[in-house]
Amino acid sequence: MVKDTTLSSRIISVVVHTVMLVMILVTLFPLLHIVATSLSDPKDIAKGMVSLWPSHVSVSAYKTILFENAHIPRSFLNSIIITCVGSVLSVVVTTITAYALSKNDLIFRPFLLTYCIIPMFFTGGLIPQFLLVKSLGMMNTIWSLTIPGLISTWWLMVMISFFKNFPVEIEEAAKLDGCGDVQTLLRIVLPLSMAGVATISLFYAVSLWNSYFSAMLYMNNYNDYPLQLILREIVLQSTLASQMAEEGNAVLAEDLSSSLTPESVQYATLFISIMPMLIVYPFIQKYFVRGIMLGSLKG
Amino acid sequence: MLENAAVKPNRAPVQVGKWRRMWAKVRKQKMLLILLIPAILYYFIFNYIPMYGVLIAFKNFKMDAGDSFLSTILHSPWAGRFGLDHFKEFMEGPYFLKLLRNTFLLGFYSLLFGFPIPIIFALLLNELRNKYYKSFVQTISYMPYFLSVVAVVGMMKMVLSPSTGFVNVLLTKLGLQPIYFMALPEWFRFLFVSSSIWAGLGMGAVIYLAALSKVDGEQYESAVMDGASRLRQMWHITLPAIKPVIVITLILNMSGILSVGSEKIILMYNPLTYDTADVFSTFVYRRGLVELDFSFGAAVDLFNAVVNVIFLVTANYIARKVADESLW
């Protein structure tokens, strides 16, 4: 590219780099603050001595979470189970549905497509959905968290367009060699479509891991809570304490916050809950970017 | 007459042939159709039955343990003569205007600030020449997208905590009074919108970057030959390239202006901030599922959904007239 060294160009360069720097700082700052606080001595936190660097480093908060308090390891395990079961179900159903709907000569295709798309625009809403799950006897089971959101129509559409781009010749060759529809899908199409399958798997997995709302509605036993719901409890507790303080009830607030989870443990719980994502996201982000691009271009 | 006689006997076999062909096709594609069964069942049970369940908005629904959901709906008495009592109560009630104002303002501010910022970010990112630096910045910007809404709100609450949060510690050190951010209604909108922007910036820019990646590099080179400054290049090449995406995104965002979701607000608000934080969806949740007033909650939800559809259709119409771009 031609080098451009005019004044306006340099001003743009300065603006661009400044904005990028600010963006990086603003994005990373809360994280670093959380990590630093979770590793600090509770007394220093109370005095407000922690910003980006832990003071009097101690891992006691993490010890409390991992060994003394059973809730967090258990809810971590619950979240893993929910995420695995839910994403396997969702991916299998989305893939086979998308494959069938991607066939242009499928009988009733326009009707079936419309049938799947209508729920994108009209839904029964929160309350009928809740009553339905309740009356199906799914409350307090893993199915209440995985089945109501089984197919995301958006990712179904992305997957359909993915299969449509699959070279027809290969499929026809497989048919000639005597493969049925299912065999063609399993042996020929799927192995060559792993990029698409990986994209939707990751989308389903991340949204299942991060969701708290359906668990809040459908799970009543503390032992079944996923990690996000435990985190919510802890976050709410701290609000309650600050609310008391705001209402001038300083003694009660002090009481509440000391009898509840210590600050460093709150920060550590938060960090533990986001850590899996922080570790995996640099490796999976390219699938998300591609998925969003695919979706935006087709939609 | 003769023609008719000739046509008539012909017609019937054609009809039979059509059904037979259809049946043959069904048999030929039976494996594909079997693959569709789970999805057909799923959509029917978890999407179409709740749509039918919207009927409870027009009825006085009482949970009946011994009866199924569907027949309880049928047996519930209608709400008033036309089934519109809940809607009437809601519209005339004290909440309506407050909820409408809060929902609209949250949606409006989210649109006003949340819409242009990812575009600006994408444009600036596009100006970065160093490939590695660019992908580094992008990777950082995606990070918040992967955090759960609970984690984002949790972080916000911790950083803003009146006693130990970083912001208030800073304020105190500057000799100012600490501010109870999460308990003050006047801060709610700012915190809601800014945290949404923080979380969605990187992924929000992706669709614009996708459109930008299609721009031919030669266009820029010939623009430089013609003496166009970088600002002019942005204006005449980069912006037109992403204009269709901008319009489509704007339509989608505008139509969603009154569909502010409840998941994040439920985590953020408390009775002290209801004045600015309570929106339709949170009201539906509280009234319907916490206070178990199912019918009233469903009525408010349905009202909101109908308004949203009207907004979507209107926004699409305007975009088609003004910019010649539309969703359908």
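The backbone N, Cα and C atoms fix where each Cβ goes, glycine too.
Note that this is a predicted model, so its numbers are computed, not measured.
According to TrEMBL, the protein has these features:
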- B:100-315: domain 'ABC transmembrane type-1' (DOMAIN)
- B:31-58: transmembrane segment (TRANSMEM)
- B:104-125: transmembrane segment (TRANSMEM)
- B:145-167: transmembrane segment (TRANSMEM)
- B:187-213: transmembrane segment (TRANSMEM)
- B:234-258: transmembrane segment (TRANSMEM)
- B:294-319: transmembrane segment (TRANSMEM)
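Remote same-chain residues near the transmembrane segment (B:145-167) are listed as 178-182, 191, 195, 198-200, 202-203, 263-264, 267-268 (criterion: CB distance under 8 Å, separation of at least six residues from the stretch ends). Among B:31-58, B:104-125, B:187-213, B:234-258, B:234-258 has the largest number of CB pairs under 8 A with the transmembrane segment (B:294-319). Most Cβ pairs under 8 A with the transmembrane segment (B:187-213) among the ranges B:31-58, B:104-125, B:234-258 are made by B:104-125. Three or more CB pairs closer than 8 A are found between the transmembrane segment (B:104-125) and the transmembrane segment (B:234-258), so contact between the two stretches is assigned (pairs 6 or more residues apart).
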